[in-house]
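Novice: The structure is given below, and queries will be raised subsequently.
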(Lines of atoms letter the chains of each structure in order from A and count residues from 1; the text may use other names and numbers.)
(Lines give C-alpha, C1' and ligand atoms only; values in the text may rest on other atoms or scores of the structure.)
Protein backbone atom coordinates (compact mmCIF):
# COMPACT_ATOMS: atom_id res chain seq x y z
CA UNK A 1 0.00 0.00 0.00
CA UNK A 2 1.24 3.49 -0.80
CA UNK A 3 0.19 6.67 0.91
CA UNK A 4 -0.42 9.05 -1.97
CA UNK A 5 -1.14 12.16 0.06
CA UNK A 6 -0.56 13.55 3.52
CA UNK A 7 -2.99 11.74 5.77
CA UNK A 8 -6.37 12.74 4.43
CA UNK A 9 -8.02 14.88 7.03
CA UNK A 10 -10.74 13.06 8.85
CA UNK A 11 -12.44 16.38 9.28
CA UNK A 12 -16.17 16.45 8.98
CA UNK A 13 -17.84 19.84 8.83
CA UNK A 14 -21.60 19.99 8.91
CA UNK A 15 -23.72 23.06 9.32
CA UNK A 16 -27.32 23.86 8.69
CA UNK A 17 -26.62 27.60 8.66
CA UNK A 18 -23.73 29.88 7.88
CA UNK A 19 -21.49 30.84 10.78
CA UNK A 20 -18.83 33.50 10.79
CA UNK A 21 -16.24 31.78 12.95
CA UNK A 22 -13.68 29.57 11.24
CA UNK A 23 -11.23 28.26 13.85
CA UNK A 24 -7.64 27.44 12.92
CA UNK A 25 -6.46 24.76 12.87
CA UNK A 26 -9.69 23.34 11.53
CA UNK A 27 -10.99 20.71 13.97
CA UNK A 28 -11.04 17.10 12.81
CA UNK A 29 -14.81 16.94 13.31
CA UNK A 30 -17.15 19.88 13.83
CA UNK A 31 -20.93 19.93 13.56
CA UNK A 32 -23.03 23.08 13.88
CA UNK A 33 -26.65 23.27 14.93
CA UNK A 34 -29.26 25.69 13.62
CA UNK A 35 -31.32 26.80 16.60
CA UNK A 36 -29.68 30.20 16.90
CA UNK A 37 -27.03 31.99 18.92
CA UNK A 38 -26.06 30.94 22.41
CA UNK A 39 -25.46 34.06 24.47
CA UNK A 40 -22.79 34.18 27.12
CA UNK A 41 -23.72 35.16 30.64
CA UNK A 42 -21.75 37.90 32.36
CA UNK A 43 -18.96 35.47 33.12
CA UNK A 44 -18.28 31.90 32.10
CA UNK A 45 -17.35 30.08 35.28
CA UNK A 46 -14.97 27.14 35.19
CA UNK A 47 -16.20 23.97 36.87
CA UNK A 48 -13.70 21.14 37.17
CA UNK A 49 -12.49 18.66 39.73
CA UNK A 50 -9.72 17.37 37.47
CA UNK A 51 -6.81 19.77 37.30
CA UNK A 52 -3.09 19.21 37.63
CA UNK A 53 -1.40 19.91 40.94
CA UNK A 54 -0.02 23.19 39.63
CA UNK A 55 -3.38 24.36 38.28
CA UNK A 56 -2.62 24.17 34.55
CA UNK A 57 -6.30 24.02 33.56
CA UNK A 58 -7.49 26.82 35.84
CA UNK A 59 -4.67 29.13 34.81
CA UNK A 60 -5.24 28.42 31.13
CA UNK A 61 -8.96 29.09 31.47
CA UNK A 62 -8.32 32.40 33.21
CA UNK A 63 -6.08 33.47 30.34
CA UNK A 64 -8.60 32.32 27.75
CA UNK A 65 -11.52 34.10 29.40
CA UNK A 66 -9.55 37.31 29.86
CA UNK A 67 -8.70 37.21 26.16
CA UNK A 68 -12.30 36.55 25.13
CA UNK A 69 -13.58 39.46 27.20
CA UNK A 70 -10.81 41.84 26.20
CA UNK A 71 -11.07 41.17 22.46
CA UNK A 72 -14.82 40.69 22.00
CA UNK A 73 -13.68 39.29 18.70
CA UNK A 74 -15.45 39.97 15.44
CA UNK A 75 -14.31 37.61 12.66
CA UNK A 76 -12.26 39.66 10.22
CA UNK A 77 -12.48 37.30 7.27
CA UNK A 78 -15.47 35.01 6.89
CA UNK A 79 -16.04 32.23 4.40
CA UNK A 80 -18.54 32.68 1.57
CA UNK A 81 -18.99 31.40 -1.97
CA UNK A 82 -17.05 33.24 -4.62
CA UNK A 83 -19.00 36.23 -5.87
CA UNK A 84 -20.44 36.65 -9.33
CA UNK A 85 -18.40 38.74 -11.72
CA UNK A 86 -19.06 40.40 -15.04
CA UNK A 87 -19.56 39.36 -17.78
CA UNK A 88 -21.21 36.35 -16.22
CA UNK A 89 -23.75 37.84 -13.81
CA UNK A 90 -25.70 35.49 -11.66
CA UNK A 91 -29.08 36.46 -10.23
CA UNK A 92 -29.05 36.78 -6.48
CA UNK A 93 -31.90 35.04 -4.76
CA UNK A 94 -33.74 36.87 -2.01
CA UNK A 95 -32.57 35.68 1.35
CA UNK A 96 -34.90 34.89 4.18
CA UNK A 97 -34.34 33.87 7.75
CA UNK A 98 -36.71 32.09 9.99
CA UNK A 99 -37.04 33.48 13.45
CA UNK A 100 -35.19 31.63 16.14
CA UNK A 101 -36.20 31.27 19.70
CA UNK A 102 -33.87 32.35 22.43
CA UNK A 103 -31.91 29.58 24.12
CA UNK A 104 -30.40 29.29 27.56
CA UNK A 105 -27.49 31.62 28.22
CA UNK A 106 -24.16 29.94 28.72
CA UNK A 107 -22.88 30.28 32.28
CA UNK A 108 -20.40 27.47 32.84
CA UNK A 109 -17.47 25.66 31.28
CA UNK A 110 -17.38 22.14 32.63
CA UNK A 111 -14.02 20.42 32.12
CA UNK A 112 -13.37 16.75 32.78
CA UNK A 113 -9.85 15.37 32.42
CA UNK A 114 -9.22 11.63 32.69
CA UNK A 115 -5.50 11.70 33.41
CA UNK A 116 -4.39 14.80 35.28
CA UNK A 117 -0.89 13.41 35.88
CA UNK A 118 0.14 12.88 32.24
CA UNK A 119 3.40 14.73 31.66
CA UNK A 120 4.00 17.02 28.72
CA UNK A 121 6.22 14.68 26.72
CA UNK A 122 6.24 13.28 23.20
CA UNK A 123 3.12 11.29 22.36
CA UNK A 124 0.94 12.56 25.20
CA UNK A 125 -2.77 12.42 24.33
CA UNK A 126 -3.94 15.88 23.18
CA UNK A 127 -7.49 14.98 22.14
CA UNK A 128 -10.61 16.74 23.37
CA UNK A 129 -14.30 17.12 22.74
CA UNK A 130 -16.22 20.38 23.07
CA UNK A 131 -20.01 20.48 23.14
CA UNK A 132 -22.42 23.41 23.23
CA UNK A 133 -25.98 22.06 23.31
CA UNK A 134 -29.15 23.95 22.41
CA UNK A 135 -30.87 23.75 25.80
CA UNK A 136 -27.85 23.75 28.09
CA UNK A 137 -26.22 26.54 30.07
CA UNK A 138 -22.89 24.69 30.10
CA UNK A 139 -20.04 24.29 27.65
CA UNK A 140 -18.79 20.75 28.16
CA UNK A 141 -15.16 19.84 27.54
CA UNK A 142 -13.79 16.34 27.92
CA UNK A 143 -10.10 15.58 27.50
CA UNK A 144 -7.80 12.66 28.15
CA UNK A 145 -5.15 14.99 29.61
CA UNK A 146 -4.85 18.60 30.72
CA UNK A 147 -2.99 19.27 27.47
CA UNK A 148 -6.06 18.37 25.45
CA UNK A 149 -8.13 20.66 27.65
CA UNK A 150 -5.78 23.53 26.81
CA UNK A 151 -6.39 22.94 23.10
CA UNK A 152 -10.13 23.00 23.76
CA UNK A 153 -9.75 26.43 25.34
CA UNK A 154 -7.88 27.85 22.33
CA UNK A 155 -10.64 26.54 20.08
CA UNK A 156 -13.30 28.04 22.33
CA UNK A 157 -11.53 31.40 22.22
CA UNK A 158 -12.15 31.48 18.47
CA UNK A 159 -15.79 30.37 18.80
CA UNK A 160 -16.91 33.10 21.20
CA UNK A 161 -17.46 36.39 19.38
CA UNK A 162 -19.11 39.75 19.86
CA UNK A 163 -22.87 39.94 19.34
CA UNK A 164 -22.47 43.51 18.09
CA UNK A 165 -24.25 44.97 21.10
CA UNK A 166 -21.64 44.63 23.82
CA UNK A 167 -22.36 40.99 24.58
CA UNK A 168 -20.79 37.69 23.63
CA UNK A 169 -22.23 34.73 21.75
CA UNK A 170 -21.46 31.40 20.20
CA UNK A 171 -23.29 31.58 16.90
CA UNK A 172 -24.92 28.16 17.04
CA UNK A 173 -24.84 25.01 19.14
CA UNK A 174 -21.74 23.08 18.16
CA UNK A 175 -20.11 19.70 18.71
CA UNK A 176 -16.38 19.20 18.18
CA UNK A 177 -14.28 16.06 18.36
CA UNK A 178 -10.64 16.90 17.84
CA UNK A 179 -7.13 15.50 18.01
CA UNK A 180 -3.87 16.02 16.10
CA UNK A 181 -2.69 13.95 13.17
CA UNK A 182 0.91 14.21 14.36
CA UNK A 183 2.36 14.36 17.89
CA UNK A 184 5.27 16.65 16.93
CA UNK A 185 4.24 20.08 15.59
CA UNK A 186 6.80 22.80 15.86
CA UNK A 187 8.80 25.81 14.86
CA UNK A 188 12.55 26.32 15.24
CA UNK A 189 13.97 29.52 16.71
CA UNK A 190 17.65 30.34 16.11
CA UNK A 191 19.20 32.54 18.81
CA UNK A 192 22.80 31.78 17.89
CA UNK A 193 22.95 34.12 14.90
CA UNK A 194 21.01 36.95 16.55
CA UNK A 195 19.72 37.24 20.10
CA UNK A 196 15.95 37.19 20.61
CA UNK A 197 14.64 38.67 23.85
CA UNK A 198 12.38 36.89 26.32
CA UNK A 199 9.31 39.03 25.52
CA UNK A 200 9.65 38.13 21.85
CA UNK A 201 10.12 34.45 22.65
CA UNK A 202 6.96 34.63 24.77
CA UNK A 203 5.20 36.22 21.79
CA UNK A 204 6.10 33.23 19.61
CA UNK A 205 4.80 30.90 22.31
CA UNK A 206 1.48 32.76 22.29
CA UNK A 207 1.18 32.24 18.54
CA UNK A 208 2.06 28.59 18.96
CA UNK A 209 -0.55 28.10 21.66
CA UNK A 210 -3.30 29.72 19.60
CA UNK A 211 -2.47 27.52 16.60
CA UNK A 212 -1.89 24.32 18.61
CA UNK A 213 1.80 23.96 17.79
CA UNK A 214 3.39 22.03 20.63
CA UNK A 215 7.19 22.04 20.16
CA UNK A 216 9.59 24.96 20.30
CA UNK A 217 12.85 23.66 18.86
CA UNK A 218 15.33 26.12 20.34
CA UNK A 219 18.55 26.30 18.31
CA UNK A 220 20.35 28.04 21.13
CA UNK A 221 23.88 28.58 19.87
CA UNK A 222 25.90 28.59 16.68
CA UNK A 223 29.40 29.44 15.54
CA UNK A 224 28.62 33.15 15.82
CA UNK A 225 27.66 33.35 19.50
CA UNK A 226 27.14 31.42 22.73
CA UNK A 227 24.22 33.15 24.47
CA UNK A 228 23.38 30.78 27.33
CA UNK A 229 24.88 30.71 30.83
CA UNK A 230 26.28 27.42 32.13
CA UNK A 231 27.59 27.19 35.67
CA UNK A 232 30.20 24.59 34.83
CA UNK A 233 31.97 26.90 32.36
CA UNK A 234 30.91 30.50 32.99
CA UNK A 235 33.59 31.72 30.60
CA UNK A 236 31.55 30.45 27.64
CA UNK A 237 29.35 33.56 27.67
CA UNK A 238 32.37 35.67 26.80
CA UNK A 239 31.22 34.75 23.31
CA UNK A 240 27.74 36.20 23.80
CA UNK A 241 27.21 39.37 21.78
CA UNK A 242 26.98 41.45 24.95
CA UNK A 243 26.28 41.04 28.67
CA UNK A 244 22.67 41.94 27.90
CA UNK A 245 22.31 39.14 25.35
CA UNK A 246 22.66 36.14 27.61
CA UNK A 247 19.98 33.68 28.73
CA UNK A 248 20.37 33.06 32.45
CA UNK A 249 19.20 29.92 34.19
CA UNK A 250 16.20 31.87 35.41
CA UNK A 251 15.45 32.99 31.85
CA UNK A 252 15.47 29.39 30.68
CA UNK A 253 13.15 28.35 33.50
CA UNK A 254 10.78 31.19 32.64
CA UNK A 255 10.71 30.19 28.98
CA UNK A 256 10.13 26.53 29.80
CA UNK A 257 7.40 27.33 32.34
CA UNK A 258 5.68 29.83 30.04
CA UNK A 259 5.67 27.22 27.28
CA UNK A 260 4.47 24.40 29.52
CA UNK A 261 1.54 26.47 30.76
CA UNK A 262 0.44 26.60 27.11
CA UNK A 263 1.04 22.93 26.30
CA UNK A 264 4.33 23.54 24.49
CA UNK A 265 7.49 21.49 24.89
CA UNK A 266 10.87 23.23 24.62
CA UNK A 267 13.52 21.04 23.00
CA UNK A 268 17.01 22.54 23.16
CA UNK A 269 19.58 22.15 20.41
CA UNK A 270 23.31 22.52 20.89
CA UNK A 271 24.72 22.09 17.39
CA UNK A 272 27.71 19.73 17.39
CA UNK A 273 30.32 18.99 16.13
CA UNK A 274 29.94 21.57 13.35
CA UNK A 275 28.74 25.17 13.79
CA UNK A 276 30.84 25.15 16.96
CA UNK A 277 33.24 27.94 17.70
CA UNK A 278 31.80 30.43 20.14
CA UNK A 279 31.71 29.36 23.76
CA UNK A 280 33.70 26.18 23.36
CA UNK A 281 36.92 27.98 22.45
CA UNK A 282 36.73 29.91 25.72
CA UNK A 283 36.93 26.64 27.66
CA UNK A 284 39.81 25.14 25.68
CA UNK A 285 40.97 26.55 22.34
CA UNK A 286 42.36 23.13 21.45
CA UNK A 287 38.90 21.53 21.40
CA UNK A 288 37.86 23.59 18.37
CA UNK A 289 39.47 23.73 14.98
CA UNK A 290 39.65 26.13 12.02
CA UNK A 291 38.16 29.00 14.02
CA UNK A 292 40.83 31.38 12.72
CA UNK A 293 40.58 30.25 9.09
CA UNK A 294 38.99 32.26 6.30
CA UNK A 295 35.70 30.54 5.52
CA UNK A 296 36.78 30.71 1.86
CA UNK A 297 34.10 31.49 -0.61
CA UNK A 298 37.04 32.78 -2.70
CA UNK A 299 38.26 29.21 -3.19
CA UNK A 300 35.24 27.04 -2.49
CA UNK A 301 37.04 23.66 -2.75
CA UNK A 302 38.98 24.74 0.35
CA UNK A 303 36.04 26.16 2.31
CA UNK A 304 35.93 25.50 6.04
CA UNK A 305 32.32 26.62 6.60
CA UNK A 306 29.18 27.18 4.54
CA UNK A 307 28.96 30.72 5.93
CA UNK A 308 31.09 32.90 8.19
CA UNK A 309 32.31 32.22 10.78
CA UNK A 310 33.99 28.80 10.77
CA UNK A 311 34.60 26.45 13.67
CA UNK A 312 34.01 22.80 14.59
CA UNK A 313 34.68 20.65 17.61
CA UNK A 314 37.84 18.59 17.32
CA UNK A 315 36.48 15.06 17.10
CA UNK A 316 39.75 13.32 17.97
CA UNK A 317 40.81 15.51 20.91
CA UNK A 318 39.85 13.60 24.06
CA UNK A 319 39.00 16.62 26.19
CA UNK A 320 36.28 17.56 23.69
CA UNK A 321 34.08 14.82 25.09
CA UNK A 322 34.69 15.80 28.70
CA UNK A 323 33.65 19.41 28.09
CA UNK A 324 30.73 18.50 25.83
CA UNK A 325 29.49 16.00 28.41
CA UNK A 326 29.59 18.54 31.22
CA UNK A 327 27.73 21.21 29.23
CA UNK A 328 25.18 18.69 27.94
CA UNK A 329 24.44 17.37 31.43
CA UNK A 330 23.91 20.82 32.89
CA UNK A 331 21.58 21.90 30.11
CA UNK A 332 19.71 18.60 30.28
CA UNK A 333 19.10 19.25 33.96
CA UNK A 334 17.36 22.58 33.29
CA UNK A 335 15.29 21.46 30.28
CA UNK A 336 12.70 18.92 31.49
CA UNK A 337 11.88 17.46 28.08
CA UNK A 338 13.04 13.91 27.43
CA UNK A 339 14.26 14.94 23.97
CA UNK A 340 17.46 16.80 23.17
CA UNK A 341 18.72 17.93 19.75
CA UNK A 342 22.47 17.45 19.29
CA UNK A 343 22.89 18.88 15.79
CA UNK A 344 25.03 16.89 13.38
CA UNK A 345 24.59 19.00 10.25
CA UNK A 346 27.02 20.44 7.72
CA UNK A 347 30.29 18.93 8.95
CA UNK A 348 33.02 20.46 6.77
CA UNK A 349 35.99 18.13 6.11
CA UNK A 350 38.40 20.97 5.27
CA UNK A 351 38.00 22.40 8.75
CA UNK A 352 39.76 19.36 10.18
CA UNK A 353 42.88 20.11 8.14
CA UNK A 354 43.60 22.70 10.85
CA UNK A 355 43.59 20.04 13.60
CA UNK A 356 46.84 18.31 14.45
CA UNK A 357 44.85 15.63 16.28
CA UNK A 358 42.75 14.78 13.24
CA UNK A 359 45.60 14.93 10.72
CA UNK A 360 47.67 12.65 12.94
CA UNK A 361 44.71 10.25 13.26
CA UNK A 362 44.39 10.04 9.49
CA UNK A 363 48.16 9.55 9.10
CA UNK A 364 48.10 6.60 11.49
CA UNK A 365 45.88 4.67 9.09
CA UNK A 366 45.75 5.85 5.45
CA UNK A 367 42.60 3.78 4.86
CA UNK A 368 40.58 6.05 7.14
CA UNK A 369 38.00 8.35 5.54
CA UNK A 370 35.81 11.23 6.61
CA UNK A 371 33.03 8.67 6.98
CA UNK A 372 35.18 7.06 9.66
CA UNK A 373 35.73 10.43 11.31
CA UNK A 374 31.98 11.07 11.48
CA UNK A 375 31.53 7.58 12.89
CA UNK A 376 34.15 8.36 15.54
CA UNK A 377 31.96 11.25 16.69
CA UNK A 378 28.86 9.05 16.76
CA UNK A 379 30.64 6.28 18.66
CA UNK A 380 32.10 8.60 21.29
CA UNK A 381 29.49 11.36 21.67
CA UNK A 382 26.17 9.55 21.29
CA UNK A 383 26.68 7.27 24.34
CA UNK A 384 27.35 10.38 26.45
CA UNK A 385 24.10 11.92 25.20
CA UNK A 386 21.95 8.80 25.48
CA UNK A 387 23.16 7.81 28.92
CA UNK A 388 21.75 10.93 30.54
CA UNK A 389 18.54 9.05 31.39
CA UNK A 390 16.52 6.04 30.33
CA UNK A 391 13.91 8.36 28.83
CA UNK A 392 16.41 10.35 26.76
CA UNK A 393 15.73 10.49 23.01
CA UNK A 394 18.11 12.28 20.68
CA UNK A 395 17.35 14.28 17.56
CA UNK A 396 19.94 14.95 14.86
CA UNK A 397 19.93 16.63 11.50
CA UNK A 398 19.81 14.13 8.61
CA UNK A 399 23.38 14.99 7.49
CA UNK A 400 24.92 12.60 9.97
CA UNK A 401 23.23 9.74 8.08
CA UNK A 402 22.87 11.06 4.52
CA UNK A 403 25.56 13.63 3.69
CA UNK A 404 28.53 13.00 1.41
CA UNK A 405 30.67 12.27 4.48
CA UNK A 406 28.05 10.65 6.69
CA UNK A 407 28.73 8.20 9.50
CA UNK A 408 28.51 4.52 8.62
CA UNK A 409 26.10 3.49 11.36
CA UNK A 410 23.82 5.91 13.18
CA UNK A 411 21.54 4.26 15.77
CA UNK A 412 17.97 3.86 14.57
CA UNK A 413 16.57 5.19 17.83
CA UNK A 414 17.86 8.66 16.95
CA UNK A 415 15.18 10.86 15.39
CA UNK A 416 16.26 12.37 12.08
CA UNK A 417 15.28 15.92 11.15
CA UNK A 418 15.12 16.00 7.36
CA UNK A 419 15.86 19.30 5.60
CA UNK A 420 17.41 18.46 2.22
CA UNK A 421 15.90 17.09 -0.98
CA UNK A 422 12.32 16.96 0.23
CA UNK A 423 10.46 13.75 -0.50
CA UNK A 424 13.60 11.87 -1.57
CA UNK A 425 15.32 12.12 1.79
CA UNK A 426 12.09 11.56 3.72
CA UNK A 427 11.61 8.32 1.80
CA UNK A 428 15.23 7.28 2.30
CA UNK A 429 15.21 7.83 6.05
CA UNK A 430 11.84 6.23 6.72
CA UNK A 431 12.75 3.23 4.54
CA UNK A 432 15.81 2.73 6.75
CA UNK A 433 13.61 2.75 9.85
CA UNK A 434 14.31 6.19 11.28
CA UNK A 435 11.58 8.28 12.85
CA UNK A 436 11.55 11.58 10.98
CA UNK A 437 10.73 15.21 11.70
CA UNK A 438 9.96 16.90 8.38
CA UNK A 439 11.68 20.27 7.89
CA UNK A 440 12.22 20.21 4.12
CA UNK A 441 13.89 23.47 3.12
CA UNK A 442 12.01 23.58 -0.19
CA UNK A 443 8.74 23.90 1.71
CA UNK A 444 9.28 24.80 5.36
CA UNK A 445 12.33 27.07 5.73
CA UNK A 446 10.83 30.41 6.72
CA UNK A 447 13.98 32.49 6.18
CA UNK A 448 14.27 31.65 2.47
CA UNK A 449 13.89 34.24 -0.26
CA UNK A 450 15.27 37.27 1.58
CA UNK A 451 18.56 37.49 -0.27
CA UNK A 452 22.00 36.79 1.11
CA UNK A 453 23.57 38.27 4.23
CA UNK A 454 27.23 38.00 3.23
CA UNK A 455 28.65 41.41 2.36
CA UNK A 456 31.21 42.52 -0.22
CA UNK A 457 29.31 40.46 -2.80
CA UNK A 458 30.05 41.53 -6.40
CA UNK A 459 27.23 39.42 -7.79
CA UNK A 460 24.78 42.22 -7.01
CA UNK A 461 26.82 44.73 -9.00
CA UNK A 462 25.15 43.97 -12.32
CA UNK A 463 23.28 46.72 -14.18
CA UNK A 464 21.79 44.73 -17.07
CA UNK A 465 20.46 41.23 -17.51
CA UNK A 466 23.34 39.20 -18.96
CA UNK A 467 21.03 36.53 -20.37
CA UNK A 468 17.38 37.37 -20.84
CA UNK A 469 16.60 33.77 -21.76
CA UNK A 470 18.05 32.14 -18.63
CA UNK A 471 17.31 32.95 -14.99
CA UNK A 472 20.43 34.22 -13.25
CA UNK A 473 21.45 35.65 -9.89
CA UNK A 474 19.66 39.03 -10.06
CA UNK A 475 17.18 38.28 -12.83
CA UNK A 476 14.87 35.42 -11.94
CA UNK A 477 17.49 33.66 -9.80
CA UNK A 478 17.86 33.25 -6.05
CA UNK A 479 19.34 36.70 -5.38
CA UNK A 480 21.74 35.28 -2.82
CA UNK A 481 19.25 33.17 -0.88
CA UNK A 482 20.35 29.57 -1.42
CA UNK A 483 16.89 28.22 -0.66
CA UNK A 484 14.88 30.82 -2.58
CA UNK A 485 12.11 31.45 -3.29
CA UNK A 486 10.19 32.70 -0.26
CA UNK A 487 7.92 30.00 1.16
CA UNK A 488 4.38 31.33 1.11
CA UNK A 489 1.67 29.95 3.36
CA UNK A 490 0.22 28.12 0.36
CA UNK A 491 3.56 26.45 -0.36
CA UNK A 492 3.70 25.26 3.24
CA UNK A 493 0.08 24.16 3.44
CA UNK A 494 0.16 22.23 0.16
CA UNK A 495 3.12 20.06 1.19
CA UNK A 496 2.17 16.38 0.90
CA UNK A 497 5.20 15.06 2.74
CA UNK A 498 3.98 11.45 2.89
CA UNK A 499 3.58 11.27 -0.89
CA UNK A 500 4.42 7.79 -2.22
CA UNK A 501 5.47 6.43 1.16
CA UNK A 502 4.40 2.95 2.14
CA UNK A 503 2.11 2.63 5.12
CA UNK A 504 5.06 1.44 7.20
CA UNK A 505 7.20 4.39 6.12
CA UNK A 506 4.42 6.89 6.81
CA UNK A 507 4.22 5.67 10.41
CA UNK A 508 7.80 6.88 10.89
CA UNK A 509 6.76 10.49 10.24
CA UNK A 510 6.25 11.92 13.71
CA UNK A 511 5.53 15.46 12.57
CA UNK A 512 7.10 18.59 11.15
CA UNK A 513 8.95 21.74 12.17
CA UNK A 514 9.29 25.02 10.30
CA UNK A 515 12.79 26.40 10.94
CA UNK A 516 13.58 30.10 10.96
CA UNK A 517 17.34 30.54 10.68
CA UNK A 518 18.41 33.75 12.31
CA UNK A 519 21.06 35.38 10.14
CA UNK A 520 18.59 38.14 9.23
CA UNK A 521 16.20 37.83 12.16
CA UNK A 522 16.00 39.58 15.51
CA UNK A 523 13.35 41.13 17.76
CA UNK A 524 12.23 43.53 15.06
CA UNK A 525 11.06 40.95 12.52
CA UNK A 526 10.98 37.56 14.24
CA UNK A 527 7.19 37.54 14.63
CA UNK A 528 6.46 38.63 11.08
CA UNK A 529 8.86 35.99 9.76
CA UNK A 530 7.10 33.23 11.71
CA UNK A 531 3.51 34.38 11.50
CA UNK A 532 1.05 33.73 10.08
CA UNK A 533 2.93 31.24 7.87
CA UNK A 534 3.61 28.93 10.81
CA UNK A 535 -0.17 28.67 11.23
CA UNK A 536 -0.35 27.00 7.81
CA UNK A 537 1.99 24.31 9.11
CA UNK A 538 -0.04 24.12 12.32
CA UNK A 539 -3.18 23.11 10.44
CA UNK A 540 -1.25 20.83 8.08
CA UNK A 541 0.01 18.70 10.96
CA UNK A 542 -3.11 19.01 13.13
CA UNK A 543 -5.91 18.12 10.73
CA UNK A 544 -4.25 17.92 7.31
CA UNK A 545 -4.68 19.79 4.06
CA UNK A 546 -7.51 17.72 2.56
CA UNK A 547 -11.19 17.31 3.22
CA UNK A 548 -13.04 14.08 3.91
CA UNK A 549 -13.25 13.42 0.17
CA UNK A 550 -9.49 13.71 -0.28
CA UNK A 551 -9.60 17.09 -2.02
CA UNK A 552 -7.04 19.78 -1.23
CA UNK A 553 -8.70 22.45 0.88
CA UNK A 554 -6.21 25.26 0.26
CA UNK A 555 -8.94 27.45 -1.21
CA UNK A 556 -11.10 26.83 1.85
CA UNK A 557 -8.13 27.60 4.08
CA UNK A 558 -7.73 31.08 2.58
CA UNK A 559 -10.31 32.95 4.64
CA UNK A 560 -9.41 30.93 7.70
CA UNK A 561 -5.74 31.97 7.67
CA UNK A 562 -6.57 35.56 6.72
CA UNK A 563 -8.87 35.77 9.73
CA UNK A 564 -6.32 34.02 11.93
CA UNK A 565 -3.67 36.57 11.01
CA UNK A 566 -5.96 39.30 12.33
CA UNK A 567 -6.61 37.22 15.44
CA UNK A 568 -2.88 36.84 16.06
CA UNK A 569 -2.36 40.59 15.79
CA UNK A 570 -5.28 41.20 18.16
CA UNK A 571 -3.53 38.90 20.63
CA UNK A 572 -0.25 40.81 20.42
CA UNK A 573 1.55 38.61 17.88
CA UNK A 574 2.97 40.88 15.19
CA UNK A 575 2.06 38.70 12.22
CA UNK A 576 2.77 39.86 8.70
CA UNK A 577 -0.06 40.92 6.38
CA UNK A 578 -0.76 38.35 3.67
CA UNK A 579 -3.02 40.30 1.33
CA UNK A 580 -4.66 43.69 0.82
CA UNK A 581 -7.50 44.06 3.30
CA UNK A 582 -9.90 44.04 0.36
CA UNK A 583 -9.28 40.30 0.06
CA UNK A 584 -10.40 39.69 3.64
CA UNK A 585 -13.62 41.56 3.04
CA UNK A 586 -14.39 39.95 -0.33
CA UNK A 587 -14.02 36.18 0.02
CA UNK A 588 -12.15 34.61 -2.90
CA UNK A 589 -12.14 37.81 -4.95
CA UNK A 590 -8.33 37.58 -4.86
CA UNK A 591 -8.14 33.95 -5.98
CA UNK A 592 -5.93 33.33 -9.01
CA UNK A 593 -8.60 31.12 -10.56
CA UNK A 594 -12.34 31.50 -10.43
CA UNK A 595 -12.48 27.71 -10.50
CA UNK A 596 -12.65 26.87 -6.79
CA UNK A 597 -11.36 23.35 -7.47
CA UNK A 598 -8.19 24.53 -9.22
CA UNK A 599 -5.94 23.03 -6.53
CA UNK A 600 -5.98 19.25 -6.44
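In case you wondered, yes, glycine gets a Cβ from its N, Cα and C as well.
Annotations for this protein, taken from Swiss-Prot, read as follows:
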- 1-18: signal peptide (SIGNAL)
- 78: O-linked glycosylation site (CARBOHYD)
- 83: O-linked glycosylation site (CARBOHYD)
- 84: O-linked glycosylation site (CARBOHYD)
- 222: active site, charge relay system (ACT_SITE)
- 275: active site, charge relay system (ACT_SITE)
- 290-351: disulfide bond (DISULFID)
- 306: site 'Important determinant of glycosidic bond specificity' (SITE)
- 307: site 'Essential for chitooligosaccharide substrate binding' (SITE)
- 318: N-linked glycosylation site (CARBOHYD)
- 346: active site, charge relay system (ACT_SITE)
- 353: N-linked glycosylation site (CARBOHYD)
- 387: N-linked glycosylation site (CARBOHYD)
- 428: N-linked glycosylation site (CARBOHYD)
- 448-483: disulfide bond (DISULFID)
- 482: site 'Essential for chitooligosaccharide substrate binding' (SITE)
- 500: N-linked glycosylation site (CARBOHYD)
- 525: N-linked glycosylation site (CARBOHYD)
- 525: site 'Not glycosylated' (SITE)
- 583-590: disulfide bond (DISULFID)
Novice: So which recorded positions out of 78, 83, 482, 500, 525 end up within 10 angstroms of residue 290 (disulfide bond), measuring C-alpha to C-alpha?
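Specialist: Matched recorded positions: none.
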Novice: Of the active-site residues 222, 275, 346, which sits closest to residue 428 (N-linked glycosylation site) by Cα distance?
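Specialist: Minimum Cα distance from residue 428 (N-linked glycosylation site) across 222, 275, 346 lands on 346.
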Novice: For residue 351 (disulfide bond), which of the recorded positions 78, 275, 387, 500 has the nearest Cα in space?
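Specialist: With Cα distances computed to residue 351 (disulfide bond), the winner among 78, 275, 387, 500 is 275.
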Novice: DSSP on residue 318 (N-linked glycosylation site), three-state: which is it?
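Specialist: SS state of residue 318 (N-linked glycosylation site) = helix.
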Novice: From the Cα of residue 78 (O-linked glycosylation site) across to the Cα of residue 500 (N-linked glycosylation site), what is the distance in angstrom?
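Specialist: One finds 35 Å between the Cα atoms of these residues.
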Novice: Out of these recorded positions, 222, 307, 346, which one has the fewest other C-beta atoms within 10 Å of its own C-beta?
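Specialist: So among 222, 307, 346, the recorded positions given, the one with the fewest Cβ atoms within 10 Å is 346.
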Novice: Please report the three-state DSSP label of residue 353 (N-linked glycosylation site).
Specialist: helix
Novice: Give me the non-local Cβ neighbours of residue 482 (site 'Essential for chitooligosaccharide substrate binding'): same chain, 6+ apart in sequence, Cβ-Cβ under 8 Å, ordered along the sequence.
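Specialist: Listed in sequence order, they are 452.
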Novice: If you count the C-beta atoms lying within 10 Å of each candidate's C-beta, which of the glycosylation sites 78, 83, 353, 428, 525 ends up with the smallest number?
Specialist: 83
Novice: When the Cα-Cα distance from residue 483 (disulfide bond) is computed for each of the recorded positions 222, 346, 387, 583, 590, which gives the smallest value?
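Specialist: Spatially nearest to residue 483 (disulfide bond) by Cα position is 346.
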Novice: Fill in the CA-CA distance, residue 83 (O-linked glycosylation site) to residue 307 (site 'Essential for chitooligosaccharide substrate binding'), as an integer in Å.
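Specialist: Here the two Cα atoms are 50 Å apart.
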Novice: Within 10 Å of the Cβ of residue 387 (N-linked glycosylation site), how many other Cβ atoms are there?
Specialist: 11
Novice: Which of the three DSSP-derived classes (helix, strand, coil) applies to residue 222 (active site, charge relay system)?
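Specialist: DSSP assigns residue 222 (active site, charge relay system) to strand.
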